[in-house]
2 protein chains.
Amino acid sequence: MRTVLHPARAVALGFLAAIVVGTLLLMLPAARTGPDGAPVLVAFFTAVSAVCVNGLAVVDTGTYWSGFGQGMIMFMFQCGGFGMMTAATLLGLLVNGSPRLRTKLMTHMETRTLGLGDVAAVARLVLVVTFAAELIIAAVLTLRLRYGYDLPWGEAAWSGSFHAVAAFTNAGFSIHPDSMMRYAGDVLVLLPMMLAIVVGGVGFPVLHDLRNRWHDPRHWSLHTKLTLAGTALLLVGGTVALLLAEWHNTRTLGGLPLPDKLLGASFMSVAARTAGFNAVDIGALTQESLALHYFLMFIGGGSASTAGGVKVATVAILVLLVLAEVRGHADTEAFGRRIGASAQRQAITVVVLGSAVVVAGTMVLLAVTDFPTDHIIFEVTSAFGGAGLSTGITAQLPPSGQLLLTLLMYLGRVGTITLAASLVLGGRRMPYRYAEEHPIVG
Amino acid sequence: MRTVLHPARAVALGFLAAIVVGTLLLMLPAARTGPDGAPVLVAFFTAVSAVCVNGLAVVDTGTYWSGFGQGMIMFMFQCGGFGMMTAATLLGLLVNGSPRLRTKLMTHMETRTLGLGDVAAVARLVLVVTFAAELIIAAVLTLRLRYGYDLPWGEAAWSGSFHAVAAFTNAGFSIHPDSMMRYAGDVLVLLPMMLAIVVGGVGFPVLHDLRNRWHDPRHWSLHTKLTLAGTALLLVGGTVALLLAEWHNTRTLGGLPLPDKLLGASFMSVAARTAGFNAVDIGALTQESLALHYFLMFIGGGSASTAGGVKVATVAILVLLVLAEVRGHADTEAFGRRIGASAQRQAITVVVLGSAVVVAGTMVLLAVTDFPTDHIIFEVTSAFGGAGLSTGITAQLPPSGQLLLTLLMYLGRVGTITLAASLVLGGRRMPYRYAEEHPIVG
Ligand SMILES: [K+]
Ligand SMILES: [K+]
């Protein structure tokens, strides 16, 4: 195993290759409106953002890029989202799957046969789910744009498809400079998008479990239960908190009637983790809302999904660990199951390393720019968590700052799905154990 | 044990009682300059800050309070610091000490004899260390103020004693409105104070270990090694980082010659965790330095010391856990010892709950005021971590904000030393175990 390509490393290199190809494609003069091609930094930033289904942008997607360029970007985040879901599912199977399958996959890796059979089976399922969901949402959006906004059929279909794919893949790219702000209050646009975001962001293992055991919630896996409960809690809690924080802010939800307030807050809560569309102006949010966004964006969505962040189940494990400790229980438990010690250690590692990356990124960006701290933290968390929301400073950052954001986007998406797998597969038993000692805590 | 006063609860109530008495004393007209007594909120805030050796202030200590009032405040932080060290040492012994001593103490608790013998032994040692250190530092400072600044003997002795006690107890109160800024560059004032801060903040268990086994570092406890190594790393790392962040800032260290730059940065690094004196204007620091302070203040000093924060050893355990996981080791190790699983769970719990308190405090303070986010985070972390540094907004906060800070000061100091003890002593074995399951992480 040590001599062949580690599966986690293969995934990391695959995304890197996609970024390089995407950069070259976006540098073609045909990708950009006007006669010249895009500068390398713009093309690179956009390719990273698209492949990592992030959505941060240094130029306006709808006017800077040609139809061909926008198509390339859509193709990249479609492939990126599909790749995230497939790669994370396979790595997850490798780590957590049945011993039989794990051995089978590892043998494939060792004999360099790449386990094409298993990869194909998972990929096929992901493909079916992806296209079925995207087709339905695209159709709904197209009809709404045709009859509600009088767009010609072609334009309605293009906008509907682009935003349906961007929603399901949680990429959050929009061909509008104001994202979804022109549809604020339109439940027939926002609700389908919220559905696409949630379904794409809940993760393949959960979708798989739901499909196979829809009528039997008691036999869902612990992962499914944790992810669904955590997602519901975050959506409802996020909506209520954002509603309170923006209730009197006339630049966002303040002046709206109650149903529009509710719709706006729930769309914000759904999109913050980690779709990244916005139906209100992010730059006009209160400081409380910005701070709420840090956490929603850092947590993100479900494992092996198109969503980013450290993932709902990871944070759930950490919270359950603390609750167990406070209640004096030796075991960390949920839904009548005990969470394994190694899963707990991995969860802590992912959260601590994720926090360290966000902190380091914030420090560097504070040092190379003069923007206020709350906007810097927002942009760094958005890049790392994959939300792609922006207070508006990303386009104004110096090249060093933009390069830092590309690194954060890559680490945030590719890093989190490969880390847990590398941890487990790289594990080795020590030939001896030291004597135990108990330092004072607190 | 369930029917008698839990030792952790006794400690919490003891500090509460001291705060109530302190508030009443500070409301006496004699405590304040001018004819009237202090309003209850000012007296309460000051009493909490003094008893919790925090140092945040809503009024100028040197001019608002009379000599009697200043003496009361000094008495409160002297008792507070002494109480912190003694209580945390006793609770630590209860939790981590030899089984014999633990049983003995618990028996005392159960029979309501209060374990006066053990309490007295620890208290006597703490007293000797405290007064010896404070006397030496007070003498040095007095001589310096007498001969370097031509203060009359009485004034020099008063200022020297006040600041020596405030330094050793990490209280950080000063009779000067600008804290130590008038002594910036004076190594003969700042160095003794740094020594007092470090000795007071390293913790009684470490001092005890050093005194008994000075020539035999190999047999120091793991706790001593972790705390000393962590403290050294934080002091050097903090100095270098702050030096870089303020190198060109002409309002702080920018215009100074190299030795003064070094002295200023190292004093800042020492005082940030958690003494809270400042020799430069906190309000003039760069955003990077403010962000660095968040972490230094949150981590704080050594366990069972006069310093606050979640403690150096706690953070060290968390870092070692992550390092072990990344390297694929099943055991968390340091200095040839394995760190117990329960200590790891406690460390995670203390850090997570501490972060939750800081986050909740930040959210509430953001909601009730309009100050910028970076200053709000600074003030909340300073209150929780016990540093008592201020960007200047504490005195301008509305009553609700000031009350929130008192709650944070109390939770940050009394909470962290009682939490670990309550966790362990409240622990109970469950009669059954659930089946294990391994959710997907990341
Ligand atoms: K996104
Ligand atoms: K202090």
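Quick reminder: no glycine exception, Cβ is built from N, Cα and C everywhere.
Noted in TrEMBL for the protein shown:
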type     : residues  : note
TRANSMEM : B:6-28    : transmembrane segment
TRANSMEM : B:40-59   : transmembrane segment
TRANSMEM : B:71-95   : transmembrane segment
TRANSMEM : B:116-143 : transmembrane segment
TRANSMEM : B:187-207 : transmembrane segment
TRANSMEM : B:228-247 : transmembrane segment
TRANSMEM : B:294-326 : transmembrane segment
TRANSMEM : B:347-368 : transmembrane segment
TRANSMEM : B:403-425 : transmembrane segment
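With respect to Cβ pairs under 8 Å, the transmembrane segment (B:228-247) is most closely packed against B:294-326, considering the stretches B:116-143, B:187-207, B:294-326, B:403-425. A Cβ distance under 8 Å defines the sequence-distant neighbours of the transmembrane segment (B:40-59), meaning residues of its chain 6+ beyond its ends; these are 15, 18-20, 22-27, 31, 65, 73, 76-77, 79-81, 83-84, 166, 169-173, 275-276, 306, 308, 379, 382-383, 386-390, 394-395, 397, 399, 402-403, 405-406, 409-410, 412-414. Taking every recorded stretch in B:6-28, B:71-95, B:187-207, B:347-368 and counting its Cβ pairs under 8 Å to the transmembrane segment (B:294-326), the highest total belongs to B:187-207.
By the Cβ criterion (distance under 8 Å, sequence gap of 6 or more), the transmembrane segment (B:6-28) is counted as touching the transmembrane segment (B:403-425), at least 3 such pairs being found.
Against the transmembrane segment (B:71-95), stretch B:403-425 has more CB pairs under 8 A than any other of B:187-207, B:347-368, B:403-425. Nonlocal intrachain contacts for the transmembrane segment (B:347-368), taken as residues 6+ away from its ends with a CB within less than 8 angstroms of a stretch CB, comprise 298, 310-311, 313-315, 317-318, 321, 376-377, 379-381, 383-384, 397-398, 400-401, 404, 407-408, 411-412, 415-416, 419-420, 423.
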